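Asker: The region 'Disordered' feature in TrEMBL is assigned to 1-83. Here TrEMBL flags 20-38, 46-64 as compositional bias 'Polar residues'. Positions annotated as compositional bias 'Basic and acidic residues' by TrEMBL: 68-83. The feature region 'Leucine repeat I (LRI)' is assigned by TrEMBL to 87-147. The region 'VHIID' annotation in TrEMBL covers 166-231. Annotation source TrEMBL lists motif 'VHIID' at 197-201. Per TrEMBL, the feature region 'Leucine repeat II (LRII)' maps to 247-279. Residues or ranges marked as region 'SAW' by TrEMBL: 385-459.
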Amino acid sequence: MKHALQELGTVLMAPDAVKPTTSTDPELNENKQPQLTKQRSRTWTHKTQLESPTIPQPQYTSGGHMNISHEDRPEKRVREVRKQSGTTVKQLLIECAAALSENKIEEFDLLVEKAHRAVSISGEPIQRLGAYMLEGLVARHESSGTNIYHGLRSRKPESKELLSHMGILYDICPYFKFGYMAANGAIADALKNEDRIHIIDFQIAQGTQWVTLIQALAARPGGPPHVRITGINDPVAEYTRGDGLQLVEKMLLGMSKKFSIPLEFKGLSVYGPEVTREMLDIRTGEALAVNFTLHLHHTPDESVDVNNPRDGLLRMVKGLSPKVTTLVEQESNTNTTPFLTRFVETLEYYSAMFESIDATLKRDSKERIDVEQHCLAKDIVNIIACEEKDRVERHELLGKWRSRLSMAGFKPYPLSSYVNSVIKTLLSYYSSKYTMVEKDGALLLGWKSRNLISASAWH
């Protein structure tokens, strides 16, 4: 896998005439799953620690994931699920949500008591997800969702545990990794003839997205360009990562020395909508690339703030005249949908994600429990339990992002067909149940019939 990613980057930076159409990596001829990093970390510490079921495990069918498009009617899907016969964990959770939505509190309390006996953080995918969704429902009822979310998000981890959890998540969920790869491919293609490059990353996180791109730039025919990276983390994320931006700078400067490529890094601990042109130090003669990976859905839109910071940020970026802007987002519709519809959409989306995790990590794996608790639980609680400005997990579908970017003045920049072909090959070595769809120059990655991640580029 590592060799394939490095080869891919090198090919992207090479002259057009020498680009192959297929990978030549001998390791890809072996039909085996890539090795995953094994790291140890702590367990869920929230007060609601749900144990194994004390009643017979309900039957669960793994199929039937919803693949919502703009033409689908989510409300119709809710009605269809509620009419299904039998009692499954999924239906029980939806009935809990429906009772709460209709303010039938006595019925809600009884259903929650029943649901508590049917979910478990160490059970089937739907049982594990159910534990966190039930947590969200109870928090919504008690109006404690905001406190729980901020507590989970702001809790300072011991050492670099959260970074370890996120690293494992990206290893075991290839749709994240390959979404980043698609974005890198577009950036490499747009900047392949540039001598001075400035990349603005609106959620730099660990900075690992740029490792293969920097290696590719260092090996570019004719010598490496001068690279400048501006990495942005919001203040809360910076706190949870401890010395996050400093660690990123150390890693990137180490790569600069190792691969003999001139590189500057500047970290900004600021919320995305508060970023100004002056902060970014735009310089004449530099080719600019802007990267939004799993970030824009955190920025409030017109339904939350009359000033519409989400579209305002896109217009500000367009005003910088970047050669390419990349977007990687979760393919889910939770922004403005009513509570019950949003609950079912969240249930469908994360059901597919939890199933895909099962395909990589064993059911009793501590790494799996840590990843689900520390990386996914807080987002699930926020979507279900919080409203208005407190609900920051506001995902939108690719079609809606297209509309926003077009209104801001962007035009589609087709992703590399070569990169897409390599992604498709690499994806198949994880599981045949992973899916990839190329649509109007963009990429949709998912599990079975459910799209989970979209990747697109704009200019």
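Cβ atoms here come from the backbone N, Cα and C positions, even for glycine.
Keep in mind that TrEMBL annotations are predicted by a computer and have not been checked by a curator.
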Asker: State the residues, same chain only, that lie 6 or more residues beyond the ends of the region 'Leucine repeat II (LRII)' (247-279) and have a CB under 8 A from a CB inside it; answer 'none' if no residue qualifies.
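Answerer: Sequence-distant neighbours of the region 'Leucine repeat II (LRII)' (247-279): 160, 163, 202-204, 206-207, 210-211, 214-215, 217-219, 224-235, 238, 241, 295-296, 298-300, 309-310, 312-313, 316, 319-320.
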Asker: Tally of helix, strand and coil residues over the motif 'VHIID' (197-201) according to DSSP?
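Answerer: Reading the DSSP string over the motif 'VHIID' (197-201) gives 0 helix, 5 strand, 0 coil.
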Asker: For the region 'Leucine repeat I (LRI)' (87-147), what's the model's average pLDDT?
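Answerer: Reported value for the region 'Leucine repeat I (LRI)' (87-147) is a mean pLDDT of 92.
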Asker: Per DSSP, what is the residue tally for the region 'Leucine repeat I (LRI)' (87-147) in helix, strand and coil?
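Answerer: Its residues divide into 45 helix, 0 strand, 16 coil.
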